[in-house]
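Chemist: Okay, here's the structure, questions in a sec.
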């Protein structure tokens, strides 16, 4: 993929998570309607082969005919990214949403995002207009140069609200379901701004709110809806170290059916346990070395307690699982051997720290430390480069999957304005009239005056 604008490092907010208000994720959106369980649609394996839904948009090129580009079926021999002898939309590079290559236009455009209505993770409620008077979400708000979807969800969850909205890449708003009842939906493609704190997530748009249920990525809760989705803590961000979380599933019925849509734990010391909520019996346990089997998992239990713990070093994408209650008890009744009447572990104050087991390869640990230090160093260099450009009132351009056609201007006497182009994210070219950006008005449009003022204040504070 082409060069992206540097993003600020994610700031992990050390906030105490409160149990979500309401029944469950999926109470406002059914998991059965979604083909994606990751916020950027990296897990999309559907069959849309045009850039627009229901036959609209431009046709996609076949992935086995795109060897001249960075991504093709030849670059994905194991099928990890879902590429092959087809032309379905995919997201092989961790972009903000699925995309595909298209026949190159006279303007040099050779790829497009795919607008896939069924590729929105459960818990995402949609894109909504926000005129600001009155605000679309009536609760507290804030701004952050390190904003991610989960940073906003955590903020609103701590404040006791039911929904959270991200806007313009850096703003967070809280509200309730009553706000949604009077909300004005906007096209999904209007929420096209990249989050300042994560280059792979979208955080609304200019005057557009991307709204989520705050239960997404919560660390605890009781879930009683007939069906729903449980995400690992901090999702869609990676879960952090020393997490100790628990959820109780008690939908109507005599048994439960679970299906893991995503499962990625860092190592065997990061563990997810499924217990009978009444007896405490351990029914199943999965970790980084023992993932769940493919297909649905049926358990004969009226209620389940899920417990997830990560060690002091653990962080990974985590998991997403769907559940539904079953009226019949035709499920696997057997607990694991030797686990009968095992009491459930306490939640509060029970952080775990683990040491490597006998024979753990020290070389592997050293490699992990080296990789981590290298990655952090590169990110710090990118952040310092961004600060240098911004302090010099420089101009950053929108990212693309090809070389930029314009170069940044670093003349300190020039002022800057914020522009962006759909469907890409934020761009910071120089003001209209600059000889470097003549002709941009057809493909870029400026942010509103209020958004520019807020963003200018944020950047000046860096």
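Even glycines carry a Cβ here, placed using N, Cα and C.
Where the annotation comes from TrEMBL, it is an automatic prediction and has not been curated.
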Chemist: Which of these ranges is annotated region 'Disordered' in TrEMBL: 260-294, 295-329, 330-364?
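Modeler: In TrEMBL, the region 'Disordered' feature sits at 330-364.
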Chemist: In TrEMBL, which of 215-236, 237-258, 369-390, 391-412 is tagged transmembrane segment?
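Modeler: Based on what TrEMBL states, transmembrane segment spans 369-390.
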Chemist: What is the total of other Cβ atoms whose distance to the Cβ of residue 174 (disulfide bond) is within 10 Å?
Modeler: 25
Chemist: For residue 219 (disulfide bond), identify the closest of the disulfide-bonded residues 127, 174, 191, judging by Cα separation.
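Modeler: Result for residue 219 (disulfide bond): the nearest of the disulfide-bonded residues is 174.
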Chemist: What is the total of other Cβ atoms whose distance to the Cβ of residue 127 (disulfide bond) is within 10 Å?
Modeler: 22
Chemist: On a C-alpha basis, identify the one among 60, 127, 174 that is nearest to residue 36 (disulfide bond); the candidates are the disulfide-bonded residues.
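Modeler: Closest by Cα distance to residue 36 (disulfide bond) among the disulfide-bonded residues 60, 127, 174: 127.
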Chemist: Would you mind reading off the Cα separation of residue 152 (disulfide bond) from residue 174 (disulfide bond), to the nearest angstrom?
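Modeler: Spelling it out, the Cα of residue 152 (disulfide bond) and the Cα of residue 174 (disulfide bond) are 8 Å apart.
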Chemist: So for residue 114 (disulfide bond), how many other CB atoms are inside 10 Å of its CB?
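Modeler: Its Cβ shell of radius 10 Å holds 26 other Cβ atoms.
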